[in-house]
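Engineer: Features from TrEMBL:
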DOMAIN    23-106  domain 'Prepilin peptidase A24 N-terminal'
DOMAIN    117-225  domain 'Prepilin type IV endopeptidase peptidase'
TRANSMEM  15-37  transmembrane segment
TRANSMEM  87-106  transmembrane segment
TRANSMEM  112-132  transmembrane segment
TRANSMEM  163-184  transmembrane segment
TRANSMEM  196-226  transmembrane segment
TRANSMEM  238-260  transmembrane segment
Amino acid sequence: MILTFYNELFSQHRLALAAAAAILGLFIGSFLNVVGIRLPRGQSVVKPPSHCPSCKHRLAILDLVPVFSYIVLRGKCRYCKIRFSPLYALVEALTAVVFGFAAWHFGWTPELAAALTLAALLIAAALGDLLYRIIPNRLVYFGVFVGVLLRILIQPLPLWNYAAALLIGFGLLYTVAVAGERLLRKESMGGGDIKLFAMLGLYLGIGNVLLALFLASLFGLLAGIVAIRARRDQADRYIPFGPFIALGAYAAYVWGDAIISGYTSLLGWR
Ligand SMILES: [Zn+2]
């Protein structure tokens, strides 16, 4: 009964679907903060319950309401008044925006499940890389596990395409990493990036995972140029690649087919 209600509401009213997805995104975003902070340090994501990192006071339900609690408490701990980083509220807001956008773009379709899962995985990976320069193995393995299940159930492309894309994503990044290490004589890419691309293959398929690598490299290169110009003294400062992989991968996932078909028709291939 209630299921048919939601089914009709969401299939006919895309705005209602996008709003519901955005609200879901706020709470998933709040959980992604916990994942992004704890997983790279090898801690459990469920225990202990959320607490203030300074006074260790356990946070009440009201303190955990995403974004709004940050605004109401003006970014401070209710108990010891220490300032929280705005990063966490930003992650919650970003997740809400991406979830709302994905729902608007994909509509009430099975693939929306993959779209929301991928968004959550990429935000957590980018956050872990930003904070600790680690894309946690447990996050990627979880993403592969869910990705396999999703692709058994939902396949816009043939199943073999996703399986091949997983191997290609891994092989390509592994090759780039080995070549980079030989040429630059230092580690240019972490193992986390390599595994993340294998996972991406499951969600994106062959064509779009290649496009994702291209876009991620392009965004990373542009940011690198900006960073070098901004501070010449620290030219070889490490820039985490994770956020650019996340950006490139999601752009390829959403617009990849349009980009690839536009490009091939531009070249007169079709
Ligand atoms: Zn506190």
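In case you wondered, yes, glycine gets a Cβ from its N, Cα and C as well.
Nobody curates TrEMBL annotations by hand; they come from automatic prediction.
Describe the structural surroundings of these features, if you would.
Structural biologist: Residues 9, 45, 50, 64, 66-67, 88, 91-104, 107-108, 112, 116, 120, 123-124, 127-128, 131, 139 of the same chain lie 6+ residues outside the transmembrane segment (15-37) yet bring a C-beta within less than 8 angstroms of a C-beta in it.
Residues of the same chain lying 6 or more positions beyond the ends of the transmembrane segment (196-226) and with a Cβ under 8 Å from any Cβ of it are 114, 117-118, 121, 125, 135, 140, 143-144, 147-148, 150-151, 156-157, 161-162, 164-170, 172-173, 239, 241-242, 244-245, 247-249, 251-253, 256-257, 259-260.
Taking Cβ pairs closer than 8 Å, the transmembrane segment (238-260) reaches residues 98, 102, 105, 115, 118-119, 122-123, 125-126, 128-130, 133, 135, 189-190, 192-193, 196-197, 200, 203-204, 207-209, 211-220, 223-224, 227 in its own chain, all 6 or more past its ends.
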